[in-house]
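Participant: Could you have a look at this structure, given as structure tokens, before my questions?
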């Protein structure tokens, strides 16, 4: 009877061990050692036969398990499934995934740890070789200054010297004189008359401007600056003389009505 209880307890222990494992292979229970579980020796033999399978499914390091070497390189672990992963792509659902992010990180580390002189005379990295970022696409990126104008190169040396010696206005006058000389005396007379008219117009405008400055300011460029008197206030504030024909008309109508009633 005690042997039967011990065998039952052993079988129960074996069943619990088999259920605790992640996956149990079929050959362990179908082996000849696990067919007869009535005796304690057969039970222990079955447990020993199934123990390697259990340890392969759920590996446990007895004792100093923390000191055992890791199967995976911890540097390969990158949180590529998070959007703030700095080594992975922005889209976590990309074809590479976390593996591509880890590979990218390893490449960056390999580039940083590659052979090359270091110290005070170290070579500048690829990031240091890049030009400093200047916000040229913004209007406030660079200080506002005078725009560079293209330098005009003349084929003749005389024209270049004249451009440096005379300012733009004198240069225009010189070109105008050359054209007049090429046209003839009639064109010169016409241009002289046009110049005289232009000068007269400029003098007249200057005198008119002086008169305006001396007098009171009037908003003549607006339509309400100085309206005529008969159109002020919508034509209601007019003189009494303009209303006399209307008054006489009303008087005549009233007199006619009175005569008709009296008859």
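Just so it is clear, glycine is given a Cβ too, placed from its N, Cα and C backbone atoms.
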Participant: Which of these ranges is annotated region 'Disordered' in Swiss-Prot: 12-52, 53-93, 94-134?
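Facilitator: In Swiss-Prot, residues 94-134 carry the label region 'Disordered'.
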Participant: What number of additional C-beta atoms lies within 10 angstroms of the C-beta atom of residue 46 (disulfide bond)?
Facilitator: 22
Participant: Could you tell me which of these disulfide-bonded residues, 34, 50, has the greatest number of Cβ atoms within 10 Å of its own Cβ?
Facilitator: 50
Participant: Any idea what the Cα distance is from residue 34 (disulfide bond) over to residue 50 (disulfide bond), rounded to a whole Å?
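Facilitator: Spelling it out, the Cα of residue 34 (disulfide bond) and the Cα of residue 50 (disulfide bond) are 9 Å apart.
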